[in-house]
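See below for the structure under consideration.
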Amino acid sequence: MGKITIVNIDDCVACGACSGTCPQSVLEVNDHVEIKNPDDCIGCGACVDACPQGVLKVE
């Protein structure tokens with residue numbers, strides 16, 4: 001499995017759907033999404049599926 005990356009940061013609307021779905025608490029959302037614990041990412045893609053804006057990608 002890969003790791004999460006941010007591909008369209010300007011499209012982030014800070015809804016929090018991604019961080020609320022992540023089982024590893026890798027993401028934090030304030031004004032926009034940030035990857036706070038990248039080494040903890042298990043590459044499950046839950047955050048990618050939850051994001052309505054397509055901001056995230058697992059590579």
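From the backbone N, Cα and C atoms, a Cβ is placed for every residue, glycine too.
Feature annotation from Swiss-Prot assigns [4Fe-4S] cluster 1 binding site to C12, C15, C18, C22. Positions annotated as [4Fe-4S] cluster 2 binding site by Swiss-Prot: C41, C44, C47, C51. Residues or ranges marked as domain '4Fe-4S ferredoxin-type 1' in Swiss-Prot (evidence: sequence analysis): 2-30. Summarising the annotation, Swiss-Prot assigns domain '4Fe-4S ferredoxin-type 2' to 31-59 and lists sequence analysis as the type of evidence.
On the structure: features taken from Swiss-Prot.
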residue	record	Cβ contacts under 8 Å, 6 or more apart
C12	[4Fe-4S] cluster 1 binding site	I6, V29, H32, V33, Q53, V55
C15	[4Fe-4S] cluster 1 binding site	V29, P52, Q53
C18	[4Fe-4S] cluster 1 binding site	L27, V29, V33, C47, V48, A50, C51, V55, L56
C22	[4Fe-4S] cluster 1 binding site	A46, C47
C41	[4Fe-4S] cluster 2 binding site	K3, I4, Q24, V26, I35
C44	[4Fe-4S] cluster 2 binding site	M1, P23, V58
Binding-site residues listed as C47, C51, least Cβ neighbours within 10 Å: C51
Hey, for the [4Fe-4S] cluster 2 site built from C41, C44, C47, C51, who else sits with CB inside 8 A of the CB center? I4, C18, T21, C22, V26, L27, G43, G45, A46, V48, D49, A50, L56, V58
Same-chain residue ranges lying at least 6 outside the domain '4Fe-4S ferredoxin-type 1' (2-30) that approach it to Cβ under 8 Å: 36-38, 40-44, 46-59
For the domain '4Fe-4S ferredoxin-type 1' (2-30), report the average pLDDT of the model, please. 96
By DSSP, what is the split of the domain '4Fe-4S ferredoxin-type 2' (31-59) into helix, strand and coil residues? 8 helix, 6 strand, 15 coil
